[in-house]
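Colleague: Questions regarding the structure given below will be posed in turn.
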Amino acid sequence: MLRRIDLRQGLGSLNGLLPRAAADVASVIDQVEPLVSDVRRRGAQAVLDATEKFDGVRPATLRVPQQVIDDAVAGLAPEVRAALDEAITRVRVGHRAQIPTERVTQIVPGGIVTQRWVPVGRVGLYVPGGLAVYPSSVVMNVVPAQVAGVRGIAVTSPPQQATGWPDPTVLAACGLLGVTEVYAAGGAQAIAMLGYGTVDTDGTSIRPVDVITGPGNVYVTAAKRLMRGIVSIDAEAGPTEIAVLADEKADPEHVAADLVSQAEHDPMAASVLITTSKALADAVEDAVINRVVRTRHRDRVTAALTGQQSAIVVCANLEDAIKVADAYAAEHLEIQTADAPVVARRIRNAGAIFVGRWSPVSLGDYAAGSNHVLPTAGCARFSSGLATTTFLKQMQVVEYSKEALAAVAPHVLALSAAEDLPAHGEAVSARFPDGVR
């Protein structure tokens, strides 16, 4: 079922050998750009037209009425409410620990530079729908923004055909977190709506946001790339990925269960085993086949596991396996080897690392206290997962006394002259009519 990549004779050119999805973000930019431009031009009508076309429903308004949110909270099953409450508590604890402290540095006597962290004013949080519903993504997006101190939080999620509103569990999660500004829109059109703003069908304003975060399919990710610069985005969190780095000590049933768990997200999801053991590779292959037969979303899982984005990679030794894992830069990387904590510290590129047999990716998806909005498609080489700092800006505050400025003034004048920007130097010398010494 999973194709085999044998690298025991050498790694060669890894970038050409690693499993990757055929449809990347760049390949759909040309399809998404006209839709984003249409939303900028026609606003809510363009969003509703696209929603009707792609989701088969046209809400009366984009904003979800508060009563609908309240009803969703009231109708929430007790065990689901308890699970959401626990997830909220754990994620809040984890993200409070990420709040950076203000740092005051005395450069010289009388010369101070302060690094101050300030929350952005307004954020738009995307919660995907489609093949599954994700109240957990509400938690993962909203909690860090609240911890950061963001005042304006808007959530958008695709409407369901049955009701014309987002999934009730998604709405209930919003209600539990106190989010009242929720929109029934998904896909690229929702990203454009958040970035550009518009006027709803009832005449109320949907104000543009400063930051857009949240996972989505390749079209949502393409829209986020197009909106970058108009707003800030978190990372390009597209179809999910799991890589498991395992040796002969790993339990093949655990590995297979974890590979299948992420494959049920999406036919484009990637499940990759990187191992030093051919025996483990064979055992995992058999275990995966047995699990796929029994899993509820068999067709979706089969499509993901047989796609070119999924594979079993067999390496000659642990050193090579670590190199492969770093080159792949998985969204989720499990370490199921001897001395797993030691191996984990050697990894440089991963959205999140799950260490040991008792730390499955599913734990991080819901209730580890970490965040599940993570970079995909190799973007973990240069970007990070969603965090409290995603919603904070660092400001540098400079405060110098007269004496401190006088001491450095000759250097400022010399550098401004070297750059042929004399007015820069004059802005300093004007403060010292008796001259700079």
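Backbone N, Cα and C atoms are what each Cβ position is placed from, and that goes for glycine too.
Just so you know, TrEMBL annotations never went through curation; they're auto-generated.
Note that the structure is predicted; figures quoted are calculated from it, not measured.
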Colleague: If TrEMBL gives Gln262, His265, His332, Asp365, Glu419, His424 as binding substrate, which of Thr240, Thr276, Thr376, Thr388 does it give for that site as well?
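Modeller: Of the residues offered, the record points to Thr240.
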Colleague: Here are the binding-site residues: Gln189, Asn217, Thr240, Gln262. Which has the lowest count of other Cβ atoms within 10 Å?
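Modeller: Each of the binding-site residues Gln189, Asn217, Thr240, Gln262 was scored by Cβ atoms within 10 Å; lowest is Asn217.
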Colleague: Measuring Cα to Cα, how many angstrom lie between His424 (substrate binding site) and Glu331 (active site, proton acceptor)?
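Modeller: If we compare the Cα positions of His424 (substrate binding site) and Glu331 (active site, proton acceptor), the gap is 47 Å.
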Colleague: Could you tell me which three-state DSSP class Asp365 (substrate binding site) falls into?
Modeller: helix
Colleague: Three-state secondary structure of His332 (substrate binding site) from DSSP?
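Modeller: Assignment for His332 (substrate binding site) reads strand.
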Colleague: Count, for each of the binding-site residues His265, Asp365, Glu419, His424, the other C-beta atoms lying within 10 angstroms of its own C-beta, and report the residue with the smallest count.
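Modeller: Looking at the binding-site residues His265, Asp365, Glu419, His424, the Cβ with the fewest others within 10 Å is that of Glu419.
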